[in-house]
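Peer 1: Please see the structure below; I have some questions.
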């Protein structure tokens, strides 16, 4: 009977194609029977003391996971006093494990032969994270004997930011509509909300901003607070707190609909402050564990305190005051730039924010995009990092692939995140830990609060992220938010094992593809420090785009191609944005001969004929990148084809299709760039590359067609 | 072993909550074992001769369905010559079944004791439809012994119209994004496309227009033709042909992107005609069974032949000429109205199209919305029906609930469809079959072609239609497209049995709810012939809305409330739109005392104090409708609560939530209408109804909030 059951479970798993819904929490039956039985001997029961919703989530997840992985039902019991061979969940420091101290949210896994396996945390959340860590251990086929693991998160607030609108659209979303069905809430609660929370909790993500930073005032109406509260009620049992993006002039906007409503949103106006205090009180009444506010103000046309002659600090501190009675924070975004055709947008955030260092309330964190411009495929780190010692800075990464090929191009982002986190800002002497990661984890400036945010790539698509491979970016972001010292390769291997296959050769092939994917994308898209060759939709190549309401919304603003060369001079002879970095950084980047090639055109206008360190001229080097980049997608296709036997057929076909599209589009990018830049460089395509079989007019027409209704 | 297998199948079905994805094709195991075994005795094999993709679809579907329903694997064999007790699929007339002749697309089911059960059709499609009919027979628990059924579709072209855009949005879609992932096609083919085709084939739907009638010229580019062809390749095996909505000025729009492109889209210009001929050739090269073109022209700002001084017939006939070498048709929409503040929009389509009767090419069908305005909750039938004897008219119904409460309000639409289809146009003498259905099925005027279209309510939501109950509208549309003589009740009962439950009391309760739902909605929304109390989003009540670029886009244009009364005088003393109907119809509708109450305010401006046939004044009757309508949603909630034990918990919770929202919104509608109309009627809310506990300003503010970003 038992064998039949297992057989049938296997059959049913084989029969149902994998639609990707389960993400990395698949819990498929372990096929290696001795291994499965070894795990089962240590998992004869789950003992949990306490009845908090989060502990219940933890026990339920563990039970469900083991049911799938081991093919047996593991009972949950209240007390394990006299029993061994089971798993004990415990809110306590737990048995010592080396010298590491258990911190809030941290977990400890300990197991000894002939005893129980203990999952302990100082908090309920810690236990929950420990459960997912243990499941991950089993999912990746590692032993759970003699465990002595302590893991604490390096960052306190680990958030997702959803740029989701009330009408269900997602700004820069490529995987369907918003997960949040605002129209149906609060009465109808989609079961999917719980699975979203489970996935995040499995990574240690503990907060989510559910609405777009270009926010609607509707989120501050009683109606929407009830809707948001219904989501919070689901997320709470998974340790996830809800935050709201706020529309800064909301008091005025909503006031205009009431007879005696406010006519201003001036942050220093007492009536406005009172409005926010009362609104915040209403929110906490509905959502006692509300996380706080995220604000985009005086940025890209969004209103803000400067409309009233006030500063970012005036605005942020007003909201901090409203949050004072509660355990909530203000996340104020540094993504700002003025409409000044002469200025270098690169410099704007530093110029606006560093003078305010030390003037923010202690409940305020400034949220800074990883680079100075806007989530380009490769950017130098933002010079704000290291230059606001008195103000906690949060990192804002973009998981959704706005500039990385939407849901089609396969770009594993961990290397992008790590490249930024691991860069040395040289704020202190070498060797004392001045990386960007050390800034945001608080170790460099002893910040009292630390935070990291990822702009989510999730949507209503069945598999959450459109491209099945993009699930890895959500995963990698979450894992790095917990521990930025993890390696891109380690995270990739872990994810592949949990999500796609445990066949060693396939794991190696896919991990290798993932690790190379970002550089391949950069090669055909924006090599050598090029950036922003896009028009409005951020999709089709338009390096020629020169008309826009703002100069810094054109493509030519960024690459500055002319008859002499290419690139944006940001040295002292140009915009001098380089001066915002520490001298040690300037020293290397200011010289085109020592500036790393990936950043070259970010800082220098380089002659077409200049010989680079590779021995090629700039023009030849560019062509080499464009051509080998596009060719490498062909290589990706070949590599992917080889893993077919190890992958679910539906997932395999899906990725195969997307790679074919990516290949076509990579060639489109290549042809667009070389045909356009050739009008300036006046040089031939170097051998062995073939010149494109279409004209510049042809590729221009393709992007015009994309702009038709 | 067999019993264990069945037990496990049952367990696994219980364990997985129903997410609605399988629609009415659930094929869950029949729990009544004697019944199941009786079916199994007649289904020991499936014999199919021939290898066409459609026959393969038919055999596969039958095998899958029986696997689920009977819990056993039924083999597919090539030949049943010497065997009995199985099911034979056969493209042939099949054994005689009464006197009915088998027509193209029709099917015949015959079974005799100790023989085989034969599913025959004159075409492959007929066999496929017969398979679904047999499965339906089993799903609804009916005997399959001694079958002698012949069923032919009453209408030839049975289409869905998708108002889907290239960017994935759906105009008037309330169930997620477009099913068609244009960006991923043709390389990535979502497995869902096949399930879409299966669902449609199960109803006999044989064509689908995949893009919005407000069409993008992009669909006529080589790139999009390849994308559309990839969909067609999936649909073909289910007998579904693809049609495209075309942007009439496409030759000019696409021409403007090429150096020597066309500068005009004038349908009489030979170069334009050549462009369409070549484009059509390209389409047929990629999609040999392409269905044809659907056109919205010179309507609501869409360009058309009138821009060049040409007629609708000139435009339609040009496309017909392009389609001449192929088996494709032109569906030209009659939904047109000019921007003339003095005219009655009601009359526009009749005025523009009846003079053209007889001037259209024989490949052209004119597609007419059921009512003269625009898919209101209740409209009189369009006066075009019966008045274009020489031009085939197609019916256009709207399945998506644009004006029927989106995906929240529970409105079963079969009674709406039937009300229109069964109305007598009095074109011929009484008793000779002059209903609207007789017009569109061709029997009245002997049309050479017949067609019906439903604007789809499907989207990327897991359950296809958002509200699980809205699946019934897709189902009902399809069933009526095949056979308009089916009853609303019969279709409802069938759908409930296949989709929700076979528990007899629950079936009765739900069927009853469905049958009453549309009148309940009309009561609180637009009773007594009110219409269009909406602003742009067609969601929030705004009967007061009076500002718009066009007078016929305001709400006051339609209800004409003043101090004397309410309603639009369309008799001879008013716009005289009534004159477009036959004298027999006019006679009844022109007199406010004989005009049926549901149409009263469509045709008459009625004094507030006029006594109606119900014995109440207009004002009191209106209030009675608004109040009892809203109260009836409370009744729906109570009724629905009673079926809980018989319904899957996830579906039950979902519908329960939506009913709660519907109840709130019904009260919002009620309050908006009575508070607003009261400013004209100056009369109190009649006993026993309580006056609203909010003011007109309060409800106006609610809709203002909805309009905020």
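Glycine is no exception: its Cβ is also placed from the backbone N, Cα and C atoms.
What TrEMBL says about a protein is an automatic prediction, not a curated fact.
Note that this is a predicted model, so its numbers are computed, not measured.
Below are the features listed in TrEMBL for this protein:
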ACT_SITE  A:300  active site, proton donor
ACT_SITE  A:374  active site, proton acceptor
ACT_SITE  A:402  active site, proton acceptor
DOMAIN    A:23-134  domain 'Alpha glucuronidase N-terminal'
DOMAIN    A:138-464  domain 'Glycosyl hydrolase family 67 catalytic'
DOMAIN    A:465-687  domain 'Glycosyl hydrolase family 67 C-terminal'
Peer 1: Judged by the number of other CB atoms within 10 angstroms, which among A:300, A:374, A:402 is the least packed of the active-site residues?
Peer 2: A:300
Peer 1: Hey, how far is residue A:374 (active site, proton acceptor) from residue A:402 (active site, proton acceptor), Cα to Cα, in Å?
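Peer 2: Between the alpha carbons of residue A:374 (active site, proton acceptor) and residue A:402 (active site, proton acceptor) there are 10 Å.
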Peer 1: Taking only the Cα atoms, work out how far residue A:402 (active site, proton acceptor) lies from residue A:300 (active site, proton donor), in Å, as a whole number.
Peer 2: 17
Peer 1: Tell me whether residue A:402 (active site, proton acceptor) sits in a helix, a strand or coil according to DSSP.
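Peer 2: Where residue A:402 (active site, proton acceptor) sits, the three-state DSSP reduction gives coil.
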Peer 1: Would you report the average pLDDT that the model assigns to the domain 'Glycosyl hydrolase family 67 C-terminal' (A:465-687)?
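Peer 2: Average per-residue pLDDT within the domain 'Glycosyl hydrolase family 67 C-terminal' (A:465-687): 97.
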Peer 1: Should residue A:374 (active site, proton acceptor) be counted as helix, strand, or coil on the basis of DSSP?
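Peer 2: Residue A:374 (active site, proton acceptor) sits in coil per DSSP, no helix or strand.
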Peer 1: Report the DSSP secondary-structure composition of the domain 'Alpha glucuronidase N-terminal' (A:23-134) as helix, strand and coil residue counts.
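Peer 2: Across the domain 'Alpha glucuronidase N-terminal' (A:23-134), DSSP assigns the residues as follows: 38 helix, 20 strand, 54 coil.
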Peer 1: Reduced to three states, what secondary structure does DSSP give the residue listed as 'active site, proton donor'?
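Peer 2: Once the DSSP labels are grouped into three classes, the residue listed as 'active site, proton donor' ends up as coil.
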